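One structure is given here, and the rest of the page talks about it.
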Amino acid sequence: MAHSGTEEKTGERLIRLSVPDMDCPVEEGEIRAELEKISGIRSIAADTARRTLEVRTASVPDEDILAALDRAGHPGKILPVSPESSSEQIVILVPEMDCAVEAGEIEEALSAHPEIPDGVFDTRRRTITFPVARDRAPEILDVIRGTGYSAQLALRKSSDPVKTSIPWKKLGTALVLAFAAELIPDFAPTGGPALTVFGHGFSAPDLIGLLLAVISVALSGVSTFRRGLISFFHFKFNMSALMALAVIGAILTGNWAEGAMVMALFEISEGIEQLCLEKSRSVVKSLLSIVPKTAEVKRGAGWETVPVESVAIGDQIRVKAGERISLDGRVIKGDSSADESMITGEPVPASKHPGSDVYAGTVNTTGMLEIRVTAPSSDTLAARIIASVEDAEQKKAPTQRFVDRFALYYTPIVFAAAILTATLPPLFAGAPWMEWIYKGLVLLVIGCPCALVISTPVTIISSLACAAREGIVIKGGKYLEEGRLLKNVALDKTGTITTGRPVCTDVIPVSPKLSEAAALERASALSQLSDHPVSTAITHAARKAKSLGSPAEDLKAIPGAGVEAKVGRAVLKLVSPAAVKGGSPAYQAAVRKLESEGKTVSVLADLFGPVAVFGVADTVKSGVRESIADLKAAGMTPWMLTGDNERAASAIAASVGIDHAEARLLPQQKLEKIGSLQKDGLTAMVGDGINDAPALAASDIGFAMGVKGTDTAIEAASVMLMDDNIGKIAFFKRLAAKTYRFLVANIAFAIAVKIVFAVLDFAGLATMWMAVFADTGVTLIVVANGMRLLRAAPGIHSDMESERPETRTEKVAEDSPLSAAA
């Protein structure tokens, strides 16, 4: 009894099915009639537009549901169901929660209610997810709103970040009114006092200015003002409380125009910051926006265009030349090439033929392809890249964690300093109260931590997006920061340095009566009956040379040596040199030559002795030698760790420029070697196979070949390379170093400006106008500087080119044999 779907806490399952024939209410009714006959089905939801069906049940097996569809005359397929789509949970949207400070305040308020379970905070989407039933939402909303933040129940969990509408017209009007509030009292005729309060007379222009200032604050910052007061009275000294207190103080001291300007510019800068963050985050998200929403699917004898969500694994789709591929799959018919630059960052199209993998969003450039779907639309490679980058954004880098912790203490310290500034000189030195209260207010504005808090995430996010554009998916800011310190890079040989596809590189007849073509023909008669990699390489070489012989007869295995069979009237053997006795000097020389080059040697022999020698070697990937030189230029030492023999390892290492090679290593020994390298400095491991997973996980930073690597390797790695270019590790290290420099520069600049203006404030040279322009300006400068990393790739590539010696222009030919590479 098979069960699919997603299990809920109640034991109820959600089963999602694709029903290609269900395109109108008639078919839906027929299906419902059959399903309703089955006891145990609790609900049925049909979508005729997408031709999908959702069934909730606690006990009915999948086979019974599929059988009911068959009885109705509308067969279907089970579709994968995301755990999130059926689990009991609610999502609360908090529009103002865009950084760790706000999230920390809400989390602290919720922790005072032990009956409310822990939520998952996502400041990017500005949501909190709770594992509770929907009827618990009101009590959670009340707690959040009690902290001064607006909150509402989201209709569903979205993968898209919340885009809060920014009221630019209101903010612009508020800014104009703030300017008017400053100018009117200075240029309008004053006359006598129109109103006297506590013995102080206010002229009509003064009152008009005050009214305009109040309206300006009401237009621009009511929510910030209200939230700030609530936080202040709860002893939560955050940015909102700081702004609210500064505005109140400005109005009470008669500087209402400056107070209005502070609030208007603060809200405008917040809006600009939000736009910048959304832009940097949308770079990677745009990958999915170009993936087609429909696919042309084979239905019976014809083709039909349907939404990609309704296409099941195993379905057959068709993509014409010039169209984007809508789903991940494997080519079953047609020859073409695909532009995969959106995923790999490589501009050269990749050739596609039956058996080739293709990916959603890439462009089929030349011929028509028929493709067997291998993944649902929710689990394409493009979707997984986006999910990985979004997860990385939530995993804070060490610098970001430090800044967030710093901000929690920094703001209360600014409050305390402002209060001391406003009170100590008047109390103990007889200084004028209004003068020092004003200086305290200026210090409040200068001390706003916006620039510090926002500079780190925007820099990290921009860097992650830049890497993703280059086909490098980094799983967390931690690895991005640590990457600048990489010292050693351990490389697996097969699949990383070499293609993992052995080829026959040498055919050497050692009998004077035998030509190369004849030797290939006789050897292939035996090799084509074996699936050993060496035999496969010889068969492929014979087929390519059009010398493939007829299959041999009476094939027998020679344990530990090779095979023996009858070819025509002769009995031939295809064996290793160890199984051959004697041989001519020409034979001995050929074997020694091939073995010295690290190649696997196979011998064709008849009853009288060896007649031909074949050299088989793995092939070095295109551009590996250049990539190894890039690693060295970036200050890293490459090490090759392989399970292959010493001769093969040494030959391949020498051919690509690797100075350190360790051979005959088991997975456990690779782990031990990684451990010893880590004592010398930060160490990375690069691999793509299941046996590489332990070393990838044990290294400081693990790199997996994301497109062709196994799921086990990808899961264990810290960074995914979406193609097989190991030179991108050098790009990664340079980007990491550049990111760190930007982080340090932004933080240092923000702190330096605040220190300078604090000094100017105490010297009586700073005004609230200057303070708010300085704070807003610094915030925008550090955000703009961080976003420069979105365009960092050309500069990094230029640096790599400039440090590349002239001698490294020679590249290893694509899939060239080891002998050519050497």
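Just so you know, glycine gets a Cβ as well, placed from its N, Cα and C.
Any TrEMBL annotation is an automated prediction that lacks curation.
According to TrEMBL, the domain 'HMA' annotation covers 17-74.
For the transmembrane segment (207-225), the list of distant contacts is 96, 150, 170-171, 173-175, 177-178, 180-182, 184-185, 188, 194-195, 240, 243-244, 247, 251, 256-257, 259-260, 263-264, 266-268: same-chain residues at least six beyond its ends, Cβ to Cβ under 8 Å. The annotation transmembrane segment is assigned in TrEMBL to 207-225 (among others).
According to TrEMBL, the feature transmembrane segment maps to 237-257 (among others).
Per TrEMBL, the feature domain 'P-type ATPase A' maps to 290-390. Over the domain 'P-type ATPase A' (290-390) the predicted model carries a mean pLDDT of 85.
The feature transmembrane segment is assigned by TrEMBL to 406-429 (among others). Beyond its flanks by at least six residues, the transmembrane segment (406-429) meets 100-101, 104, 237-239, 241-242, 245, 436-437, 439-441, 443-444, 447-449, 452-453, 761-762 of its own chain at Cβ-Cβ distances under 8 Å.
Under the heading transmembrane segment, TrEMBL lists 441-468 (among others).
Annotated transmembrane segment per TrEMBL: 742-760 (among others), in sequence order.
Remote same-chain partners of the transmembrane segment (766-784), defined as residues 6 or more beyond its termini with a Cβ less than 8 Å from a stretch Cβ, comprise 246, 250, 255, 258-259, 261-262, 265-266, 268-269, 272-273, 276-277, 438, 441-442, 445-446, 448, 450-451, 454-455, 458, 746, 749-750, 753-754, 757, 760. Among the features that TrEMBL reports, transmembrane segment is placed at 766-784 (among others).
If you look up TrEMBL, you'll see 799-814 marked as compositional bias 'Basic and acidic residues'.
Residues or ranges marked as region 'Disordered' by TrEMBL: 799-822.
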Long-range Cβ contacts under 8 Å made by the transmembrane segment (441-468), restricted to residues 6 or more beyond its ends, are 99-101, 239, 242-243, 245-246, 249-250, 253, 255, 262, 266, 269-270, 273, 276-277, 280-281, 283-284, 287, 385, 389, 392-393, 397, 399-400, 403-404, 406-407, 410-411, 414-415, 417-418, 421-422, 474, 477, 480, 732, 735-736, 738-739, 742-743, 746-747, 750-751, 753-754, 757-758, 761, 766-768, 770-772, 774-775, 778-779, 781-783, 785-793
